[in-house]
Amino acid sequence: MLYGGDYNPEQWPRDVWKHDMRLLREASINEVTLNVFSWAALQPDEHTYDFSRLDDIVALVSEYGMNIIMATSTGALPAWMSLKYPDAERVDFDGRKHRHGARQNACPNSPTYRHYAAELASRLAERYGSLSNLEAWHISNEYEGICYCPNCARTYRDWLRARYGSVEHLNAVWGTDFWGHTYDSFDHIYPPDRAGDGSYDGPCAVLPAASLDYARFFDDSIIDAYNVEKKAIRRFDAQTPVTTNFMGNFYQYDYQHWAKDIDIAAWDCYPRLGTPASDTAFWHDLIRCLKRKPFLLMEQTPSRMNWMPYNALKRPGQMRQQSWQAIAHGADSVQFFQMRRSRYGCEKFHGAVIDADGTNKTRTFQEVAALGRELAEVGPLIEGSMPKARVAIIFDWSSWRGLRNAIGPSNDLDYLREARAMYAELYRRNIAVDVVGVGADFSAYDLVLAPALYIVSDADAARLNDYVRQGGTLVLTVMSALSDEHDVLHQGFTPAPFHETAGVWAMETDALAPDHTVPLHFADSSDQTDCAVQDASTEQTDYAARVLCDILVSEEGTQVLATYGEGPFYAGKPAITGHRSGEGVCYYAGAFLNGPAMREFLGIVLAEAGIPTVNTNAGVSINTRYTADGEALTFIINDTDEPRTVTMPRSGTDLLAAGTPATLKAGATAQLPPFGVMLLR
Amino acid sequence: MLYGGDYNPEQWPRDVWKHDMRLLREASINEVTLNVFSWAALQPDEHTYDFSRLDDIVALVSEYGMNIIMATSTGALPAWMSLKYPDAERVDFDGRKHRHGARQNACPNSPTYRHYAAELASRLAERYGSLSNLEAWHISNEYEGICYCPNCARTYRDWLRARYGSVEHLNAVWGTDFWGHTYDSFDHIYPPDRAGDGSYDGPCAVLPAASLDYARFFDDSIIDAYNVEKKAIRRFDAQTPVTTNFMGNFYQYDYQHWAKDIDIAAWDCYPRLGTPASDTAFWHDLIRCLKRKPFLLMEQTPSRMNWMPYNALKRPGQMRQQSWQAIAHGADSVQFFQMRRSRYGCEKFHGAVIDADGTNKTRTFQEVAALGRELAEVGPLIEGSMPKARVAIIFDWSSWRGLRNAIGPSNDLDYLREARAMYAELYRRNIAVDVVGVGADFSAYDLVLAPALYIVSDADAARLNDYVRQGGTLVLTVMSALSDEHDVLHQGFTPAPFHETAGVWAMETDALAPDHTVPLHFADSSDQTDCAVQDASTEQTDYAARVLCDILVSEEGTQVLATYGEGPFYAGKPAITGHRSGEGVCYYAGAFLNGPAMREFLGIVLAEAGIPTVNTNAGVSINTRYTADGEALTFIINDTDEPRTVTMPRSGTDLLAAGTPATLKAGATAQLPPFGVMLLR
Amino acid sequence: MLYGGDYNPEQWPRDVWKHDMRLLREASINEVTLNVFSWAALQPDEHTYDFSRLDDIVALVSEYGMNIIMATSTGALPAWMSLKYPDAERVDFDGRKHRHGARQNACPNSPTYRHYAAELASRLAERYGSLSNLEAWHISNEYEGICYCPNCARTYRDWLRARYGSVEHLNAVWGTDFWGHTYDSFDHIYPPDRAGDGSYDGPCAVLPAASLDYARFFDDSIIDAYNVEKKAIRRFDAQTPVTTNFMGNFYQYDYQHWAKDIDIAAWDCYPRLGTPASDTAFWHDLIRCLKRKPFLLMEQTPSRMNWMPYNALKRPGQMRQQSWQAIAHGADSVQFFQMRRSRYGCEKFHGAVIDADGTNKTRTFQEVAALGRELAEVGPLIEGSMPKARVAIIFDWSSWRGLRNAIGPSNDLDYLREARAMYAELYRRNIAVDVVGVGADFSAYDLVLAPALYIVSDADAARLNDYVRQGGTLVLTVMSALSDEHDVLHQGFTPAPFHETAGVWAMETDALAPDHTVPLHFADSSDQTDCAVQDASTEQTDYAARVLCDILVSEEGTQVLATYGEGPFYAGKPAITGHRSGEGVCYYAGAFLNGPAMREFLGIVLAEAGIPTVNTNAGVSINTRYTADGEALTFIINDTDEPRTVTMPRSGTDLLAAGTPATLKAGATAQLPPFGVMLLR
């Protein structure tokens, strides 16, 4: 199992390199990611390339037996390129041409940038592609940002022409009769920047269809730029996996769309002070489902970040717990940013395996080394194994963007939060989940949840309706299925594409004032009491609706699971319904739910779908990966900084136990220290 | 009485049109506002006009017996015009040239824009001006925003030349010796944008006189642009009223200045979650006084807005209550944005009479239809009648702008809030109020209130001093009469122009820390106890000063009505005074007052002015309109979502009662349901 | 002693001038600062100068016996210059070229600006340099702001060439290998604006060394522009002191660096509502130490500011108290902004000696006149005397800027606040303090405090280490000595340059969540109880660490003064240490301390350093100035708005007592009224 991360020897005198190698080996580090930001050094001017320093670095790390992930260094332009070829730099939302600075500063549609990026990537591949210790190519680094320059405007128009054929068709789809935005020519269309239809500050969109298209166009632009480099690498290296490091909770690029072009999924995981463990797990599951195979945990901090408002230290054991959580959800690597702390630059307060003291004496180094020993021992057993899930949550970039673009109905509407709120309840119940796109094949799942799936095409809706009719269970919520793939409202009784399947009409939607909730009353559901036994906060009176409340009209034959309580004019009216359709069931939650209500609601749904909860004490999570030959590896993790008692969900040997491991029986109890981890075989 | 609103069939396939017509007629809708945003469609390029679709729409709505308010569609430029003639687009405060986007994007001083706007308006007038069902012309839509472009700079210089004659005179009036801003030429003067004297973020002004002049210049620019269209219409239609829809609480344009050029006042009324009923009534009264005749309630939402942070639904009955409130204050129409909910665009979450389901089954549709039946019955009786007021509040755009431009004395100083705080107490007492400009004829009023009337010219001050001497009652407050019409401080004992009339000197002014108040003690005023009987929060100890406290020196003969209490160094000194001048009285409130103090203060003032309070339970408001032949129509409205008991202020028949209405006797009690309305004849 | 301030007769008709002169003389005003903002009037075009009005003003104030501080009027460009020579105006961080507006609008590197500023200054010096009542030259006014224009870019490159010689050297020092920022040429380097490396909003820096260099370059730019005028003056006036008015809490320019070029230090003092008296005193002490001689209190408001969010009036006596506080800390003048309140401009709500009423009847005028009488009497005795301090606090602009530029470790890290928190405890103890730069000569001090001295060069560290070894006492804290003079991290055991001297290793640093603290436990220190007797809030359990907590590893022989208490994983570990090195001691506080902990910590330090506390009741401060012949003048000031009892710290006569002053014995008690002041001789 890869254990390592970003190493920047370019920033150090050479006498430090060997010192570092010895320390890293002491910590069982077996991989370094090199060459992340060296374009200006590798290509000091338009005609000169100089790989001598990188050659020396590669030679040294190879000599020390390290594997290499080789970055292409294209994440920041050389100053000479920005200044000589301004088309290579971005123009921001405010119309400002950038000059040179920071990183992720290239316009992905710049011919200059593409030309030189491909040239550099191919030279790197030619030079290092046959290294036996080359594990992967890492293109650019943490792609981010949007460009609004003339390159992009031109390319966008071509993209629109290809998509719509005629401007009349575009006018019809975008609904440009709104506010007199009718276009007479593709040439009249520009990126939605502040000088145009991005007139309201930030992400609000005058023409939602246009803004959604620009986001999709920009997906394609970034992916094309990535593929330009990938193709250049493939000229000299046909086999080594090619990837880039995705980021968490990142709406700018649709990673599900990008997934086809990466060989192995990889992401950088930076939970902040107070991030719930389930939020991190949600993104692990999403990343794993991109390729439906194990992924790389490509970056995490060994101790602290620096770019948060309050950069608390990871507590003793916490880095290990977070590493094992990633593995439990499908990671096949543990990698850090960074191997050695920078002396310069805006990340000099960021944690590292080796600190400014250059020693092995720090707590951080010792914890990294201890985890390294563990991984060296059990890693090979885990690699390649995968979780299995009967439940899928649909997470959809178009819905995310559509709701971000929307003006109304509530400032407190947050797609990611609502998706994660539903996930959190499944996480609490230790139910394996796949987080998938709306285009996924759902036939393998017993339950599909579509929280706030605001945008659904007719085709996808048809597939989901079929899924239910053939026996599946589908959960919709308020804000689900309002718009089609162009963010144009479906016409009919909301949720129009699911009106028959859900058996309910959301006649209107109330937005609650900040911090206001509406109580909910559940119909008797005594068979669900087992779902909530371990949490004291589950009194019925706590059930509440948050943010938005549909006023529902339920059709005949629709079961009302919960009604609104005292307060608004719709008290007593249905809030949550269930409806049989064919062989399956479609549930509709007309409001976002607070914790207790989510618990009760999903308790009902899961029971009817026959999906068992694995009860644990609060903060203990259980996940299982299955090896190719069917062996189950069960990860029991204490996500908290307090000791926890855990009941063994199965029998097995704890591979992480100190000394000679004894076999633990199913149903026996064991103690987990703060952030403790067990791995049952 | 007009009952209808914006309808955008351009956004729909034609088969929808007839369906909508049938539904609208079912709801007793008798008017639609057409052609609000279709310029790009009507004029697809510089040389082509195409009215065929609009012809069809007009024919259909006419066939269904609807009246038409015809908009000119000039609220958003066609893309081709913006792109070919960039002078037509605005430059914003930050100096950014806009390209094409959103709406209200035209520079009102652009020759291109004026040329084509006039051309379009005249063609519309030529084509539709003789329609028998044409009720009014609606120019542009919700004018808003300021431009800082070279067109505007040039026109501004001409405007200044005409106003000041010489740059020396301008220097003297503007006080450009401040910070070395002396100008040698009109050509050195630019709009006060961020690159110039708008250097502090937002509306603060380095040279207040210059910023005030730019606001006035921009008033004239927008009004001129409006008049260009009006004149073009008048070439073909000499009679149909011409108007545009004003907005609420809108400081950018001085509607009192604009009033001379509109034929009928119209505004769009969007109270938000929690807006007090009196705040809405304040603007109704202001709009009515623009033309001193009934106005149009040109837009309101039938259910929810979408552009508020939290877009709550109107409660059952609330849309009806708000409609009747508008009528009670002088509206002769009830109009909605919009007839049918958009599928596209940033208003697609805004409420409409017909929702995405296209049915008559929604609560909203049913309430609209019920109100339509009511209005069809009683509307004709009401049309043309007017309220009568003995009290005027002066509301002055120059004071509003001057205080917004000012740096200091307190961030919590808010002119509109202080004007409405005084209005709210009159509203609570069911006293009819005119909200008028400082140039109004005050002779008909028994009481004139000038809260924070910061800017007063010597001429207007003389007229107000005369008004008092001839028997009027005038109320001034802290911040009243500090500056002249150029926002230059009056010299003398503050309030200098009223020093003799008010008999008081505001020697200095303290600003209170946020959320701090200073207690007030009123001298014995037992004859006022009737003013506050129905509110439990009127204990003397609650009287308090807010935001700013003048330290007053009262002249001999001036009565001290209230003094400051414990706390600041001016405890025991006068806070509120009254002073006889000629036949009248001038009151001076040296601080902004909290609710109880405002109640006590105005209780004294009203009693001495002989203006009776009509007591009601909290949240019940009573207003009367008088028909041309003197008949009184009394509107009793429950502004709250709870039932209220009301004592009949007069005898009469409730025209809105179900079944056969019985005559109610004065003094009898009746029940008003939540948001209930009675109309006594 | 100078008593006066800014007077702007340019803004007034001439008949006002004489009226003002009489009033000012009545208030014992003996100085006016003239000609602060008149460039556009003095030079109406490129070739014309007109001093006639200024001649008249000078003649009149001279006739009335006033002294003059003559400003050069270069704080705001004439409009013609900005418009004809755009290079004279600034470009802001966002890349916007400014046109003309506000003030401090000149690019200090503009040849145009420098040429005309020198020309104006020399003409003023030629004309008025020999006036017998000329007290000082005042160049520009309240210099502020940063420019990012092409002039600056060019000059910056020259500055870098001179500093680094080669771009390779610059690359090495700046660490441009970070994020691929390697430069191939000085020509590739631009100011760090938003289009470049100021990519994160505000002051964060991608390359801290580059941003720090730009700040230093800009220091030099402004100082050069100042010196251009100074040199022009010196052509005609070799002797009159030349200065400019510095501002409080101002990070943009390094006043310690500028000090060599001013002849007398001067600053504008504007404490706001709620500013602790010690914060103001801190800056007085800093300003005094710039030249190590008495300074000018060049501006304060006599009553209220206008540019604060809430502009409260100074309470009766408060302006006097603040004036005497300045004098107690070394001021040899009391000056106001302004003599007469403006009618125009954005400061028209700012207080003045003469208000809009033009009278002597205001409270403000009366208080100004009373203070004038006092100063006229005792001023001559005080002038030239100086405080003596055994304690120095190091305040360092590079550390301030470095921490502002830094991303992490905590949003709550505020260098100025931490320096003032330490100062506040010394102020509370009535211990005289010098606030000095890191390059100061420390040999005269018994105690040197270096709170959060983040940036220390090896050379300065060596000097401080020597200082300790030779018997000095040094206090370091968390964040001290992390970076060298280029903001590059020192390598080694933190605080690396002081590792041996401090005897402690700060292995890692935890950032606390907002509003969180960590309890501290002090080892027994009973000999310190006298330090805290007069404050009830000194219970041991209140001791707490704030914002950041080092996890410390103390070396053998290091004394642990305090440990962390319950809560974090480092409970029980050292938080504060002391370590002997040679003849001295080095203390290290691993966290920022709350009030009680600071009290306890400095109690220990001061006791060991033999520096006595002078106990007073809370809010009473005692300071002493010593005349040239050694006489002690002791200022006893009640900083509060409540009466206070004070124990005489010495015997003496109160020179400010009304009537015939009696001698007060040391140890006797006296009453100080609110804001009361005694001056013991």
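Cβ atoms here come from the backbone N, Cα and C positions, even for glycine.
Because the structure is a prediction, the values reported are computed rather than measured.
According to TrEMBL, the feature active site, proton donor maps to A:Glu142. Under the heading active site, nucleophile, TrEMBL lists A:Glu299. Per TrEMBL, the feature substrate binding site maps to A:Arg103, A:Asn141, A:Trp307. Sequence annotations record features per position, and here TrEMBL assigns Zn(2+) binding site to A:Cys107, A:Cys147, A:Cys149, A:Cys152. Annotation comment: TrEMBL describes A:6-377 as domain 'Glycoside hydrolase family 42 N-terminal'. If you look up TrEMBL, you'll see A:389-611 marked as domain 'Beta-galactosidase trimerisation'.
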Would you kindly give the Cα-Cα distance separating A:Trp307 (substrate binding site) and the residue listed as 'active site, proton donor', rounded to the nearest Å?
15
Spatially closest candidate among A:Cys147, A:Cys149, A:Cys152, A:Glu299, the listed recorded positions, to A:Asn141 (substrate binding site) (Cα to Cα):
A:Glu299
Spatially speaking, which of the recorded positions A:Arg103, A:Glu299, A:Trp307 is closest to A:Cys149 (Zn(2+) binding site)? Use C-alpha to C-alpha, please.
A:Arg103
Most Cβ neighbours inside 10 Å, all chains, among the active-site residues A:Glu142, A:Glu299:
A:Glu299
Under 8 Å Cβ-Cβ to anything in chain C: which of these recorded positions pass, A:Glu142, A:Cys147, A:Cys149, A:Cys152, A:Glu299?
none
Where A:Cys149 (Zn(2+) binding site) sits in the secondary structure, as DSSP reduces it to three classes:
coil
Within the chain of A:Cys152 (Zn(2+) binding site), which residues six or more apart in sequence place their C-beta under 8 angstroms from its C-beta?
A:Val91, A:Cys107, A:Asn109, A:Pro191, A:Phe218, A:Ser221
So what pLDDT does the domain 'Glycoside hydrolase family 42 N-terminal' (A:6-377) average out to?
97
If you count Cβ atoms within 10 Å of the Cβ of A:Asn141 (substrate binding site), leaving out that atom itself, what do you get?
26
A:Arg103 (substrate binding site) and A:Glu299 (active site, nucleophile), Cα-Cα, nearest whole angstrom:
17
May I have the list of same-chain residues other than A:Cys107, A:Cys147, A:Cys149, A:Cys152 whose Cβ is within 8 Å of the Cβ centroid of the recorded Zn(2+) site, in sequence order?
A:Arg90, A:Val91, A:Pro108, A:Asn109, A:Ser110, A:Tyr148, A:Pro150, A:Asn151, A:Ala153, A:Pro191
A:Cys147 (Zn(2+) binding site) and A:Arg103 (substrate binding site), Cα-Cα, nearest whole angstrom:
13
What's the number of neighbouring CB atoms sitting within 10 A of the CB on A:Cys107 (Zn(2+) binding site)?
27
From the Cα of A:Trp307 (substrate binding site) across to the Cα of A:Cys147 (Zn(2+) binding site), what is the distance in angstrom?
23
Which residues does A:Trp307 (substrate binding site) neighbour through Cβ under 8 Å, counting only same-chain ones at least six apart?
A:Cys346, A:Glu347, A:His350
Helix, strand or coil: which one is A:Arg103 (substrate binding site) in, per DSSP?
coil
Can you tell me the three-state DSSP label for A:Asn141 (substrate binding site)?
coil
What count of other C-beta atoms do you get within 10 angstroms of the C-beta of A:Arg103 (substrate binding site), across all chains shown?
21
Let me know the largest Cα to Cα distance in Å among the substrate-binding residues A:Arg103, A:Asn141, A:Trp307, as an integer.
17
